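Colleague: First the structure, then my questions, so here it is.
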Amino acid sequence: MMLDFTANGNDSSKKLRVEDRMESPPSRVLHIRKLPSEVSETEVIALGLPFGKVTNILMLKGKNQAFLELGTEEAAVTMVNYYTAVMPQVRNVPVFIQFSNHKELKTDSTLNQRAQAVLQAVSAVQDGGSPNSDNSMLDSVLAHAPSPVLRIIIDNMFYPVTLDVLQQIFSKFGTVMKIITFTKNNQFQALLQFSEPVNAQQARLSLDGQNIYNSCCTLRIDFSKLVNLNVKYNNDKSRDYTRPELPAGDGQPAVDPAMAAAYNKDSSLLGTPSGMGAPYSNGGGFQSSLSQGGGAINPMSAAAAAAAAAGRMALSGHSGCSGVLLVSNLNEEMVTPQSLFTLFGVYGDAQRVKILYNKKDSALIQMSDGNQAQLAMSHLNGQKMYGKIIRVTLSKHQAVQLPREGLDDQGLTKDFTNSPLHRFKKPGSKNFQNIFPPSATLHLSNVPEDVTEEDLRLLFSNAGGIVKAFKFFQGHKMALLQMSTVEEAIQALMDLHNYDMGSNHHLKVSFSKSTI
């Protein structure tokens, strides 16, 4: 074995604070501590799967620790950032994850044979292939499944998960015959029956612990004691795909009308909507591993965003979640409370912003509630702002304190509670339907009639950057304007949202899902 474990800080009695974890130099090897003693390799690998390819693993059973190597440093950084905000658990036990001092894992292949076999099995299932049946080690991983029926629990359910979404995700592993969904103990659950038990085993191995959408809707999958489901109705709660003739049931429409109205025809839950690049594919963003084949699964359907931002949906396990974000790695020469308020205001109503006095590359931002904080974190963590990739995590603070009366804090803290620029104050506002990831294309509205394309091109190129394309629509009131990079679009939005165009017209700027 070629690793020195003492260098990795085995004093697991000290819980690392958010700020401490971010100080360690990044590495694609992660050190995981305080694992339950009976933990399996598959469970440890599952921690890393949503973030990309897991390339190596080393279990230290006697020490309740493991090392996990990811394919890229970016994936490891995203994983640490995510688990800093959302406490990782294995078998309901909190575990601690930090960067290792090792840049890669060099493991003795004979001693680490079982872990390598598990890794190969998981990779094979993830890549859509069949594990090599000649290998007895792999056979033991894909042991005979007890049932073709899986029980699925969805944690952190920020966005609605429909029966059709489950069918699309699970049918990659075999024929889905029946699904029943229900809510139990305030948790959304489903029973899903495959035609063969081995398909259920492969789906469980590949999908357990994965997120359906960006940073949320986590799948917890186990085998059901049932071996056959009895479905009486085909509607939005249950479906028997082998019996399309079943009735919808008493007073139960085939599709919930509220859901149908909310999901407008342009939105797409799975795959990438037409004309839109796959979201979250940049290094720091959180790339869902469920994006098999077609683009990333798009979490931002209009209805989902509206429900999350407006706090309409019960948050499983996050109802007491703080609305305060810690933003770090800021460009301290350029950043202001106003620019942070404008950018984070795209995803919720920022109430207070505080740039830290002794650490001016970090700031605290208080959103209206935990939902909006989660939404902003999922979209802005890993984005580039003023030339630096920013990190966004949930803060341990419950609120941002204002400076004491008469104390000059050099304008580093600003209270925006009564700002007229909040986008989400009005219930049912159209802004709820227009929440999209940062993109190079900006949506402009409230454009005065006498303003020309040339005026707007000049205005946005002066903000720093190159305007690549432009298009007026809805007469002359709105426009799409494409910058050459997402970073330029972020800067333009911060500089020009609410820009006074004269004759009492203030320009409204947001990110667009369209391209020109």
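Every residue gets a Cβ built from N, Cα and C, even glycine.
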Colleague: Among 1-22, 89-110, 441-462, indicate the range for which TrEMBL gives the feature region 'Disordered'.
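Modeller: That would be 1-22, the stretch labelled region 'Disordered' in TrEMBL.
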Colleague: How many helix, strand and coil residues does the domain 'RRM' (28-112) contain under DSSP?
Modeller: 27 helix, 26 strand, 32 coil
Colleague: Looking only at the domain 'RRM' (150-226), what are its DSSP counts of helix, strand and coil residues?
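Modeller: Once the DSSP states are binned, the domain 'RRM' (150-226) shows 22 helix, 34 strand, 21 coil.
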